[in-house]
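These notes are about the structure you will find just below.
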């Protein structure tokens, strides 16, 4: 676990952010709060930990060999893949539709090319494609891209220090991938708790799921554009967000000018342990050190504040709750049958 810097003076916090405000590839590892589209549904009974026990018993080790190497070679692939899985599940359910490339000359772009997905690190997509290629060489036409993404995500959660949990499998790959369906199905950095709860509720998810899954912001980075209004024009007041620690405000202001700044500059969601998967995110919210307005709001609303306080005190409880919530989210919008699903041999294109 990385050590927590001491915010003893504006100079200290400025030095901290000078260190952590860095350019790509870390900017690509941004994670957003998890939401799913209105067509998503809960997991069907066919999902099973042992789904490939006979058809491809080595699938976990095959994917694991790729994720461990990717994490060593490109650490940003970890949080980026976790984000990739969230964004896949959010829009059409957990069906690998975010992996499909747009067709040349097509009027409709695929999900991958939506504005909200453009800054996901290329290493995340490359890692899934590598894993798919290896799995295909051993078990051709058997394992879905959607399941490979789910397994890889669990692996990366564990590699960055988070909980290990069993992944239920049996998802088919989706056939629909439209960029136009992405933006409205992802929360924005200034989403209110009311907006978040309404969206979660429409997917069968609870306020607890909202708080727990938002804990994925224990790792990852956000671009200045995601929080610049908190610094200069909070809710149209032309003043900074009063629920931001003044030292954090000064550090962010130094690195993110209101206009004309470097678009690649980023800041860590978790300013105390940005590279460790832990429960420090929740303690940061209590200390007014949340980066996004949508994160900080969780510690202010009476419907979410108690759980924020609870998870800030109990890392074990957070890990258990996160594992459970990931399983729950991983079953949303699962496709079954050839009417709505397929098994792609190449995750970037529909099976012909």
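Quick reminder: no glycine exception, Cβ is built from N, Cα and C everywhere.
Whatever TrEMBL says is automated annotation, not expert-curated.
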Open item on the list: Looking at 12-31, 32-51, I want to know which stretch TrEMBL calls transmembrane segment.
Closed with: 12-31
Open item on the list: On a C-alpha basis, identify the one among 87, 88, 111 that is nearest to residue 139 (disulfide bond); the candidates are the recorded positions.
Closed with: 88
Task: Distance check against residue 97 (Ca(2+) 1 binding site) for the recorded positions 83, 187, 256, keeping those with Cα within 10 Å - done: none
Open item on the list: At 10 angstroms around each C-beta, which of the binding-site residues 93, 187 has the fewest other C-beta atoms nearby?
Closed with: 187
Open item on the list: Averaging the per-residue pLDDT over the domain 'Plant heme peroxidase family profile' (46-351), what integer do you get?
Closed with: 94
Task: Integer Å distance between the CA atoms belonging to residue 87 (active site, proton acceptor) and residue 347 (disulfide bond) - done: 16
Task: Spatial neighbours of residue 111 (Ca(2+) 1 binding site) among the recorded positions 87, 217, 273 [C-alpha, 10 Å] - done: 87
